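J.: Sharing a structure below in structure tokens format, with a few things to ask.
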Amino acid sequence: MSAIAPGMILFAYLCGSISSAILVCRIAGLPDPRESGSGNPGATNVLRIGGKGAAVAVLIFDILKGMLPVWGAYALGVTPFWLGLIAIAACLGHIWPVFFGFKGGKGVATAFGAIAPIGWDLTGVMAGTWLLTVLLSGYSSLGAIVSALIAPFYVWWFKPQFTFPVSMLSCLILLRHHDNIQRLWRRQETKIWTKLKKKRQKD
């Protein structure tokens, strides 16, 4: 156990450091997501600058790079505390990727993937919370913030032994969204539908 957990933490960070948004945009001939749209290399920004196909590819890869290290560690019998650190390491890799100049995304999809191995029931509830919030508000960032706030309570209900590590993960996501929280408070955050309409008008 003592040797497996630190090794999985390093593996998770390196997996997280593979920025799928940047790679997909390069392969598809799209602008660098760090320099276009919102400047965030994540699925939402790729949706704005490249459309649904590219965004779905980024979303899937970002989820997998959080899911695979945690699932592997879970299968190896790593304890919940270490699983939390492994999940955080994957998100830290996404946020500060060593392969891309430490300029990454906000870690939402990767965090979702890291939580998924806890159970499909929890995964469905989390996805539903994010989707409902976005549909009602139009803010992708608000969906992430609300999901991060509620996630520890969901986990406590389904599998309480994972409440602490998921709480650590939620804190990381909320800290990463501090600029979005300020813009939402000032009513300066742009709705995702507005940005998509602007893109269609340009096209």
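We number each residue from 1, going along the chain as drawn.
Placement of Cβ uses the backbone N, Cα and C atoms for every residue, glycine included.
Feature list, courtesy of Swiss-Prot:
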TOPO_DOM  25-52  topological domain 'Cytoplasmic'
TOPO_DOM  74-80  topological domain 'Periplasmic'
TOPO_DOM  102-111  topological domain 'Cytoplasmic'
TOPO_DOM  133-137  topological domain 'Periplasmic'
TOPO_DOM  159-203  topological domain 'Cytoplasmic'
TRANSMEM  4-24  transmembrane segment
TRANSMEM  53-73  transmembrane segment
TRANSMEM  81-101  transmembrane segment
TRANSMEM  112-132  transmembrane segment
TRANSMEM  138-158  transmembrane segment
J.: To the transmembrane segment (138-158), which of 4-24, 53-73, 112-132 is linked by the most Cβ pairs under 8 Å?
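T.: Per the Cβ count, the answer is 112-132.
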J.: Which listed stretch (53-73, 81-101, 112-132) has the most C-beta pairs under 8 A with the transmembrane segment (4-24)?
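T.: Of the candidates 53-73, 81-101, 112-132, 81-101 scores highest.
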J.: Apart from its near flanks, which chain residues at least 6 from the ends of the transmembrane segment (53-73) lie with a Cβ under 8 angstroms of it?
T.: 4-5, 8, 11-12, 15-16, 18, 20-21, 24-25, 28, 30, 42-44, 46-47, 82-83, 86-87, 89-91, 93-94, 105, 109-117
J.: Taking a Cβ cut-off under 8 Å, which residues six or more beyond the ends of the transmembrane segment (81-101) line up next to it in the same chain?
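T.: For the transmembrane segment (81-101), the list is 1, 5, 8-10, 12-19, 22, 41, 62, 65-66, 69-70, 73-74, 107, 110-111, 113-115, 162, 164-166, 168-169, 172-173, 176.
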J.: With DSSP as the reference, give the number of residues of the topological domain 'Cytoplasmic' (25-52) in helix, strand and coil.
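T.: For that range the per-state counts are 13 helix, 0 strand, 15 coil.
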J.: Tally of helix, strand and coil residues over the topological domain 'Periplasmic' (74-80) according to DSSP?
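T.: Looking at the topological domain 'Periplasmic' (74-80) with DSSP, the answer is 3 helix, 0 strand, 4 coil.
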J.: Can you break down the topological domain 'Periplasmic' (133-137) into helix, strand and coil residue counts using DSSP?
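T.: Residue counts for the topological domain 'Periplasmic' (133-137) by secondary structure: 5 helix, 0 strand, 0 coil.
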J.: Who are the chain neighbours of the topological domain 'Cytoplasmic' (102-111) in space, where the CB to CB distance is under 8 Å and they lie at least 6 residues beyond its ends?
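T.: That would be 16-17, 19, 21, 34, 40-43, 58-59, 62-63, 65-66, 87, 90-96, 144, 147-148, 169, 172-173, 176-177.
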